[in-house]
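Data first, discussion second: the structure below is written as structure tokens.
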Amino acid sequence: MHKEIAKELLLLAGGKNNIISISHCTTRLRFDVKDETKIDIHAIENLQGVQGTFFRYGLFQIIFGAGVVNKIYKEVVHVWETAPSEEPVHQKKASRKLNPAAAFAKTLSDIFVPIIPAITASGLLMGLIGMIKVFHWFAAGSPWIKMLDLVSSTAFILLPILVGFSAARQFGSNPYLGAVIAGLLTHPDLLDPSMLGSKTPSSLDIWGLHIPMMGYQGSMIPILLSVFVMSKIEKLLKSIVPKSLDVVIIPFITVMVTGCLALIVMNPAASIIGQIMTQSIVYIYDHAGIAAGALFGGIYSTIVLSGLHHSFYAIEATLLANPHVGVNFLVPIWSMANVAQGGAGLAVFLKTKQSSLKKIALPASLTAFLGIVEPIVFGVNLKLIRPFIGAAIGGAIGGAYVVAVQVVANSYGLTGIPMISIVLPFGAANFVHYMIGFLIAAVSAFIATLFLGFKEETE
């Protein structure tokens, strides 16, 4: 079935020669195309499994939903690569240039998307442990708790290495070298930042410079900057070193030069940048909390349209790793925006007279309550416009509430109902306020959508 859909999709997208590159995120298939006029959008939207389509940053994006898109992607890529062509195969890179801010955010998003399953699994496990402790399902010190704790913490311990691997691949470099550089920056001999209150890092004296033996566990910006520089060094060496020596010489020089630069120059600088970003966000949260919650809750769904919301993971990881913060106060806001989309979708389901729209609206709304919003956003609310505005209103109200009562989480990557597992560890009050915010966001979006109404096409 997926193979047939892939063949039709490729044909309706203008054929092999109209496609420059193919990529995907957790719910969407993305085509970078030469000529948008060759795409039969209406026919694609009528394909089995397609929940909606849209253009963003020059990419034609098709929503299939989580668990399906990766299967479709494999078949589409196989058909695309094996189909006959009168033109040479193009490099799989996006052809359109984005402005620097958009390009940076998109790159962050593309780096973190492949890591989401690991983050989600660990986040749910951490939440499960929190629930076990809150409800006393196991005795304190139980070997089961210790075992689950080991399993749940692994992804976050290895997160810098996973990011280094993914970033190197995104930058067109050797991903294993990226993992090595990330491993260097989280080496056990380097002091974990969380220990700063009780320990002082030793230092290396080189050429009059005092280099602190400080690790960067949980700090994403130093990892990203180091791997980016590494990719440039590796590419430069590939243009100089003879091919007969590149297997040995290029990795050796790349790791040695990047490692020294990372410890001496880049990471201290990147760490300062990360601290400034974190302190700025904390300042905004402390001094413009409710207004900031309303603003971020209102606009978050608009950011989701581009898929760039995944770029926030780097910021959230930094907040959790910071010993002076240690919690994630952003993800409750994102969650309010997501469940608001579900509330708006339920209003559409209740009000529409179209049977085809009802069939989409109800399951897509329920999916939004589970934290996956693309089906309801692109399949229903955005097409009708006003429900999307209603959801933004609900997200703003819910976002303001969770900031006002200071709802926090101990992980990221989860919203909606699954997020309960990562708010429970902070106590019953945190959980109750989260659920109140959940209801406020969903109900206010529902009411706002009913009030605004929407115009639908006749069947």
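Placed from the backbone N, Cα and C atoms, the Cβ positions cover glycine too.
Sequence annotations record features per position, and here Swiss-Prot assigns domain 'PTS EIIB type-1' to 1-86 based on sequence analysis.
Under the heading active site, phosphocysteine intermediate, Swiss-Prot lists CYS25, citing sequence analysis as support.
According to Swiss-Prot, the domain 'PTS EIIC type-1' annotation covers 106-459.
Sequence annotations record features per position, and here Swiss-Prot assigns transmembrane segment to 111-131 (among others) based on sequence analysis.
Outside the transmembrane segment (147-167) by six or more residues, the chain places 111-112, 114-115, 118-119, 121-122, 125-126, 128-129, 132, 175-176, 178-183, 185-186, 216-220, 223-224, 226-228, 317, 411 with a CB less than 8 A from a CB of the stretch. Per Swiss-Prot, the feature transmembrane segment maps to 147-167 (among others); the stated evidence is sequence analysis.
Annotation comment: Swiss-Prot describes 177-197 (among others) as transmembrane segment, evidence class sequence analysis.
For 209-229 (among others), the entry in Swiss-Prot reads transmembrane segment, with the evidence type sequence analysis. Within the chain carrying the transmembrane segment (209-229), a Cβ under 8 angstroms from the stretch's Cβ atoms is held by residues 108, 111, 156-157, 159-160, 163-164, 167-168, 171, 173, 178, 181-182, 185-187, 189-194, 201-203, 258, 261-264, 266-271, 273-274, 277, 313-314, 317-318, 320-322, all 6 or more beyond its ends.
Beyond the ends of the transmembrane segment (245-265), by six or more residues, the same chain brings 174, 177, 180-181, 184-185, 206, 209, 211, 222, 226, 229-230, 233-234, 237-238 to within a C-beta distance below 8 angstroms of the stretch. The transmembrane segment annotation in Swiss-Prot covers 245-265 (among others) and rests on sequence analysis.
Residues 25, 28, 54, 56-57, 61, 102, 105-106, 108-109, 330, 333-334, 336-338, 340-341, 373-374, 377, 382, 388, 391-393, 395-404, 441 of the same chain, all 6+ positions outside the transmembrane segment (288-308), place their C-beta atoms under 8 angstroms from a C-beta of that stretch. The transmembrane segment feature in Swiss-Prot is assigned to 288-308 (among others).
Among residues of the same chain six or more beyond the transmembrane segment (329-349), those with a C-beta under 8 A of the stretch's C-beta atoms are 281, 285, 293, 296-298, 300-301, 304, 309, 312, 315-316, 319, 357-358, 361-362, 364-369, 371, 373, 376-377, 380-381, 384, 387-388, 390-395, 397-399, 401-403, 406-409, 411-416, 419, 422-423, 434, 437-438, 440-450, 454. Annotation comment: Swiss-Prot describes 329-349 (among others) as transmembrane segment, evidence class sequence analysis.
The transmembrane segment annotation in Swiss-Prot covers 360-380 (among others). Same-chain neighbours of the transmembrane segment (360-380): 26-28, 51-54, 63, 65-66, 301, 304-305, 335, 338-339, 341-346, 348-349, 352, 387-388, 414-419, 442, counting only residues six or more beyond its ends whose CB sits under 8 Å from a CB of the stretch.
Here Swiss-Prot flags 388-408 (among others) as transmembrane segment, drawing on sequence analysis. Residues 285, 289-302, 327-329, 332-333, 335-341, 343-345, 347, 377, 381-382, 423, 426, 430, 433-434, 436-438, 440-446, 448-452 of the same chain, all 6+ positions outside the transmembrane segment (388-408), place their C-beta atoms under 8 angstroms from a C-beta of that stretch.
Residues or ranges marked as transmembrane segment in Swiss-Prot: 412-432 (among others).
Under the heading transmembrane segment, Swiss-Prot lists 434-454 (among others).
The DSSP breakdown of the domain 'PTS EIIB type-1' (1-86), given as helix, strand and coil counts, is 36 helix, 22 strand, 28 coil. Counting every protein chain shown, the Cβ of CYS25 (active site, phosphocysteine intermediate) has 22 other Cβ atoms within 10 Å.
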